[in-house]
Amino acid sequence: MVEVRVPATSANIGPGFDCLGVAVNMYNKFFVEEIEEGLIFEGCADKFKNENNLIYVAMKKCFDKIGYKPTGLRIKIESDIPVSRGLGSSAACVVGGIVSANELAGGALNKKELLDLAVEVEGHPDNVNPAFCGGMTASISDNREVIYSKVKVSEGIKFCALIPDFTLSTEKARAVLPKSIDYKDGIFNVGRTALMISALNNGDFHLIKYACKDKLHQDYRAKLIENFYSIKKQCEKLNSLGVFLSGAGPTIMVMLREEDKDFSKNIKSFLETLKNKWEVRELKIDKLGTVVNNCKV
């Protein structure tokens, strides 16, 4: 049996639309073994127990590339990453599927080939890269090749995810974005993306609140998330370092100083006054990324 653990990811980090992403310590685990025949799923809803399951789709893509044909598969899922909340649940399934398939087939593909294949299936390198490699990454796709670099994050920072009880599909969140942007808005984001990376690198945490600003996606998507601005304002009042939409949303991610012990209980009290229910979850950066049989890929 192959055991694969994949972390949740938070993409964009404010201005770094479709390029920045960070892995956090919330995980999906996949236990996969080859059986004599059939396709058996455990740990997921009945509607996902078929060949359209994203984990199986990713596995088949890997098997086809290698030229391996399993006799049958048993796939058990232990999921801690909420679906359609902007925390990289799709990327976790794709990476978990591809890596487990490669292990079953004898490890025919190297790390670079696995990464390129995962991005081909999932489509978002800003989620796939940190899920695969851990830490924070800056990623691009160049002629179908995935290029990325690790972003050094100074010690002393943690994250807090505010996770609502409602979902928001990536497709719906993409549909509200404009077809084109003003030149000045592009410049606005380029500058703040550079500032974000530099501030995290150098421990200039007081600059993060400026770096979190963005003109490419967050304001458009905020309209789909009830109370987004009131929550953001309250987070700022509680001395957060920065607040941004996690991926396409609806989860709101907050950056905090490591020593901040009061934020979670205080924001929880505020969120309890709102109509929707929100889970408050403090998180740390996952530095390992995908782990196979307790070993880093």
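Just so it is clear, glycine is given a Cβ too, placed from its N, Cα and C backbone atoms.
Taken from Swiss-Prot as is:
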- Pro82, Val83, Ser84, Arg85, Gly86, Leu87, Gly88, Ser89, Ser90, Ala91, Ala92: ATP binding site (BINDING)
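Feature map: annotations from Swiss-Prot on the structure.
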residue : record           : contacts (Cβ under 8 Å, 6+ apart)
Pro82   : ATP binding site : Ser89, Ile163, Thr251
Ser84   : ATP binding site : Thr167, Leu168, Ser169, Thr170
Gly86   : ATP binding site : Ser10, Ala11, Leu168, Leu245, Ser246, Gly247, Ala248, Gly249, Pro250, Thr251
Gly88   : ATP binding site : Ala8, Thr9, Ser10, Ala11, Gly21, Ile81, Asn127, Pro130, Ala131, Gly247
Ser90   : ATP binding site : Leu54, Glu122, His124, Asn127, Thr170
Ala92   : ATP binding site : Val6, Pro7, Ala8, Thr9, Tyr27, Asn28, Ile81, Ala131
Counting only residues outside Pro82, Val83, Ser84, Arg85, Gly86, Leu87, Gly88, Ser89, Ser90, Ala91, Ala92 in the same chain, those with C-beta within 8 angstroms of the ATP site's C-beta centroid are Ala8, Ile81, Gly247
